[in-house]
């Protein structure tokens with residue numbers, strides 16, 4: 001696994017890795033799209049006329065939801081690295097707002113689609129829902145393999161993006177790289193009378 005990640009992790013800056021990050025994003029969208037398609041088409045064929053059961057709220061379920069959301073929004077640790085390399089750092093608050101909104105809409109789409117079709121019986125992972133037979137259907141193996149491959153693409157690239165700040169600090173500490181200090185706003189702007 002480490003050898004697979006090595007070429008992606010050795011991208012020197014996030015700006016140069018923008019194409020890889022876009023590929024990881026597209027991989028996620030394709031994996032979720034394929035998995036949702038398999039779930040909706042197969043469950044609707046098997047369970048015609050049945051209604052979804054009502055959810056049984058528990059602490060474990062609520063904690064799992066907040067854990068998944070924390071994982072999704074946890075990519076925010078790369079924001080300082082992105083801001084350091086951005087051509088106009090003053091636009092970062094707007095970029096962050098748009099990005100978090102898109103992430104929230106994607107999560108909302110996946111969750112509402114899954115719950116509307118299966119109800120509280122959907123497992124915690126959408127890919128596991130379509131790969132097994134616990135929901136009463138066997139999905140097309142080609143679609144399942146494609147969904148898992150696209151998700152592997154996402155995980156590989158996301159690991160490299162998440163690890164970038166740690167690699168940046170390690171290069172600075174051990175090899176003496178990146179010693180230049182970066183200023184987002186000049187000090188003169190703060191001392192106006």
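Each Cβ is built from the backbone N, Cα and C atoms, and glycine gets one as well.
Looking at 38-60, 61-83, the range annotated in TrEMBL as transmembrane segment turns out to be 61-83.
Within the listed segments 5-34, 95-124, TrEMBL records transmembrane segment for the stretch 95-124.
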